[in-house]
Protein chains: 2
Amino acid sequence: MRILTQSNDPELQLRRGLPFEEVVQIEKGDCCNVEEPPVKINSGFDVAGGIENCMWLSSSNSYSSVLRRQHFLIRSLGASFPLQTCHNQMERIHCASVSIPEADAEGVIRKITPVLDPSRHKGQAGRIAVIGGCREYTGAPYFTAISALKIGADLSHVFCTKDAATVIKSYSPELIVHPILEESYSVREDERETVSSYILAEIKKWLERFDCIVVGPGLGRDPFLLNCVSDIMRHARQLSIPIVVDADGLYLVTNNIDLVRGNSLAVLTPNVMEYKRLLEKVLNCDVSNDNQSEQLRLLSQKIGGVTILRKGKEDLISDAKTVTKVSTFGSPRRCGGQGDILCGSVAVFTSWARRYVMSGIPSSETSLNPLILGCVAGSVLLRKAASGAFLSKKRATLTTDIIEFLGQSLEEICPAK
Amino acid sequence: MRILTQSNDPELQLRRGLPFEEVVQIEKGDCCNVEEPPVKINSGFDVAGGIENCMWLSSSNSYSSVLRRQHFLIRSLGASFPLQTCHNQMERIHCASVSIPEADAEGVIRKITPVLDPSRHKGQAGRIAVIGGCREYTGAPYFTAISALKIGADLSHVFCTKDAATVIKSYSPELIVHPILEESYSVREDERETVSSYILAEIKKWLERFDCIVVGPGLGRDPFLLNCVSDIMRHARQLSIPIVVDADGLYLVTNNIDLVRGNSLAVLTPNVMEYKRLLEKVLNCDVSNDNQSEQLRLLSQKIGGVTILRKGKEDLISDAKTVTKVSTFGSPRRCGGQGDILCGSVAVFTSWARRYVMSGIPSSETSLNPLILGCVAGSVLLRKAASGAFLSKKRATLTTDIIEFLGQSLEEICPAK
């Protein structure tokens with residue numbers, strides 16, 4: 001295994017215009033056959049026989065016995081050895097490159113999306129909050145919050161700095177924007193503790209109302225602000241509120257893994273570079289293209305089973321027990337902001353999936369992880385919306401155009417009655 | 001009658017994902033037959049014989065003799081006993097559950113909507129003001145004010161805080177936005193009296209020009225601001241200007257019922273939770289699903305005959321004398337902001353209904369309460385617009401989309417010539 005990159009800073013190379021493949025491409029080793037006895041692992045499924053029943057696996061996927069065996073094998077390997085350094089583990093599984101099963105993502109959406117019932121009240125289809133938006137960034141939290149509404153959440157809040165609030169409010173009257181965060185420049189050293197307590201107290205008034213919060217879009221990297229957000233994340237965890245962490249939230253988490261370690265209600269949604277930094281920090285290794293599935297599973301396992309949606313040409317999703325992917329083609333356009341849509345989408349679908357899983361579903365599905373379902377659903381909806389927008393706008397496609405296709409895309413998958 | 005809820009805070013239970021029905025469901029008692037002699041009550045109608053002539057009752061509704069008797073009975077009961085505690089009253093009427101007559105809401109709109117006469121001048125089709133909009137909330141007063149214009153008012157003003165004004169102005173150049181309210185954080189303790197007097201003086205310059213004011217959308221709950229708004233409400237009452245109270249205005253009124261007590265020109269538009277709080281405060285009881293009609297009538301009576309529009313799957317409307325409903329199907333989407341449209345809509349139609357009632361209508365209709373007409377018209381128009389928007393946008397329907405359907409919906413009911 002030889003890394004072809006000439007630099008220790010792939011981000012720099014990316015910025016210099018090299019395609020990502022040249023930066024992180026890994027020389028492929030030959031696969032060898034490894035035989036393992038069948039082992040029942042704690043994945044929530046009867047792996048050997050029951051995986052076809054998993055609602056998030058595509059029924060159209062020709063899930064051959066070979067693939068099934070490979071899938072079983074890689075998970076058995078993962079489950080059978082204790083956590084070690086990444087390099088040792090990766091050596092052991094180096095040859096176990098397998099196809100990652102495709103999720104039946106549209107089927108997931110159809111299952112978890114709640115029926116629109118006229119007897120329901122405002123808020124019952126979901127209350128989402130975005131923690132993000134500072135002097136520098138205002139578009140990202142807007143994209144996340146408005147996407148949540150366009151998918152079908154009833155209420156969408158943004159908690160941001162005062163500077164950002166006026167701008168985010170002006171983007172749309174549909175959002176409820178709370179100007180309560182502060183950056184270092186606006187708080188004197190001797191006031192910081194008081195201001196920090198005030199911010200947490202203000203957010204506590206709201207927090208338990210939310211079905212899911214998104215931490216990160218447009219958050220910035222101001223140390224005082226990030227400290228406050230860490231407090232908010234700890235409080236949300238105490239309240240058992242699902243948290244989707246993206247963008248600068250991932251920067252915060254990568255430098256303080258304990259903020260999410262062992263939180264089964266946390267979703268991380270890293271892009272290529274954010275994933276690379278997470279791997280370096282947590283597993284002390286580089287990205288492996290041969291063993292993407294197992295590496296992702298190990299990363300999730302090492303952080304105590306948080307759900308990770310690794311964004312890319314294919315979105316890979318794992319909660320340390322299972323690995324699945326969504327590879328529906330979206331759009332070749334890579335305008336900034338699509339990740340913001342995705343985390344808003346994952347937040348809504350996760351809150352719906354939690355209600356679905358907690359209420360009267362068939363017993364065969366009781367072990368489903370709602371965060372995996374939320375990721376699968378969010379991923380495919382963004383891809384379909386991006387595809388629709390691109391067909392219409394081609395090179396001029398912007399994030400706003402994709403957001404306008406969210407409703408139609410959802411309607412095509414799961415018509416509202 | 002036994003309340004099944006396990007918690008003192010149904011909103012919290014709703015947030016935890018319990019369906020609303022589990023929260024406020026009330027065990028139904030058997031209905032018994034109660035015979036009462038015919039009594040002429042001060043309802044503005046000859047109840048026994050004249051109710052079919054009521055312009056807001058649906059002509060398509062098969063108003064059978066049984067229903068008529070029930071309607072008569074419940075109003076007779078209400079008129080025949082003095083005000084007592086809610087529990088005593090509810091015991092007496094427990095078995096008198098009746099069907100609430102459906103309003104001929106579209107007929108009402110056709111009657112009260114003024115003909116567009118080219119000889120009229122700016123302002124003659126209605127001047128509406130919204131008192132609301134603070135640092136935290138800006139969307140709600142915008143929705144109310146722009147809805148008033150879209151329905152046909154000539155001028156729509158917003159009185160809000162300085163922070164909110166810039167944002168609300170940015171939503172639309174159509175609104176006249178006055179940045180004159182203040183929140184506690186921006187006023188020193190020793191300035192409060194002066195600032196309060198200044199605010200009232202500024203608003204007094206404008207107030208008598210308005211045909212109706214809406215108090216509450218996006219008002220917030222700052223004590224200093226609410227004190228100023230209380231002064232504004234008292235002054236509007238002295239000027240006999242109709243007031244529609246919604247959202248945080250209802251929070252203010254619920255804690256200070258005297259602000260509206262006995263004001264026959266006040267409309268309250270509570271949603272499920274606001275209605276529950278009003279009932280607890282005024283009648284010291286919980287919501288009864290068996291006796292919705294009589295409970296609403298009693299609540300209105302106890303507040304001295306204010307008109308109440310209880311929002312829900314069916315909108316119930318009472319002024320202590322009559323109870324009617326609008327149940328035209330709207331949309332199953334419960335995105336936040338629809339209540340803001342409704343109160344703007346009720347404000348416009350109330351001002352039109354007052355002109356209609358006060359000017360040369362058939363003598364049989366002289367006792368019509370224009371506030372009831374305004375509520376009936378506002379309710380059905382929102383429902384039709386929401387229905388149109390939902391057909392077009394499905395789950396992605398937002399409040400802005402519904403507002404865009406107000407004009408078309410009104411045109412379908414009552415074409416402009």
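Glycine is treated like the rest: Cβ placed from N, Cα and C.
Quick caveat, the model's predicted, so the values are computed rather than measured.
Marked as domain 'YjeF C-terminal' by TrEMBL: B:105-413. Residues or ranges marked as (6S)-NADPHX binding site in TrEMBL: B:GLY218, B:ASN271, B:VAL272, B:MET273, B:GLU274, B:TYR275, B:LYS276, B:ARG277, B:ASP340. Residues annotated as ATP binding site in TrEMBL: B:311-315, B:330-339.
The structure, with features from TrEMBL marked on it.
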residue: B:GLY218; record: (6S)-NADPHX binding site; CB count, 10 Å: 29
residue: B:VAL272; record: (6S)-NADPHX binding site; CB count, 10 Å: 19
residue: B:GLU274; record: (6S)-NADPHX binding site; CB count, 10 Å: 24
residue: B:LYS311; record: ATP binding site; CB count, 10 Å: 23
residue: B:LYS313; record: ATP binding site; CB count, 10 Å: 13
residue: B:ASP315; record: ATP binding site; CB count, 10 Å: 25
residue: B:ARG333; record: ATP binding site; CB count, 10 Å: 26
residue: B:CYS335; record: ATP binding site; CB count, 10 Å: 27
residue: B:GLY337; record: ATP binding site; CB count, 10 Å: 26
residue: B:GLY339; record: ATP binding site; CB count, 10 Å: 23
Residue pair B:GLY218 ((6S)-NADPHX binding site), B:CYS335 (ATP binding site) - Cα distance, angstrom, rounded: 16
Least surrounded among the binding-site residues, given as B:LYS276, B:SER331, B:ASP340, when other CB atoms within 10 Å are counted: B:LYS276
Filtered binding-site residues - B:GLU274, B:LYS276, B:LYS311 - keeping only those with Cβ under 8 Å from chain A: none
Spatial neighbour of B:LYS313 (ATP binding site) that is closest, considering only the binding-site residues B:VAL272, B:GLU274, B:LYS276, B:ASP340 and their CA atoms: B:VAL272
Secondary-structure category, per DSSP, in which B:ASP315 (ATP binding site) falls: strand
Cα-Cα distance, maximum over B:GLY218, B:ASN271, B:VAL272, B:MET273, B:GLU274, B:TYR275, B:LYS276, B:ARG277, B:ASP340, record's (6S)-NADPHX binders, Å: 20
Length of the line joining the Cα atoms of B:GLU274 ((6S)-NADPHX binding site) and B:ARG333 (ATP binding site), in Å: 20
Nearest of the binding-site residues (B:LYS311, B:ASP315, B:CYS335) to B:LYS276 ((6S)-NADPHX binding site) - Cα to Cα: B:LYS311
Integer Cα-Cα distance in angstrom, B:LYS311 (ATP binding site) to B:VAL272 ((6S)-NADPHX binding site): 7
B:GLY337 (ATP binding site) to B:VAL272 ((6S)-NADPHX binding site) - Cα separation in whole Å: 15
Rounded distance in angstrom between the Cα atoms of B:CYS335 (ATP binding site) and B:VAL272 ((6S)-NADPHX binding site): 15
Arithmetic mean of per-residue pLDDT over the domain 'YjeF C-terminal' (B:105-413): 95
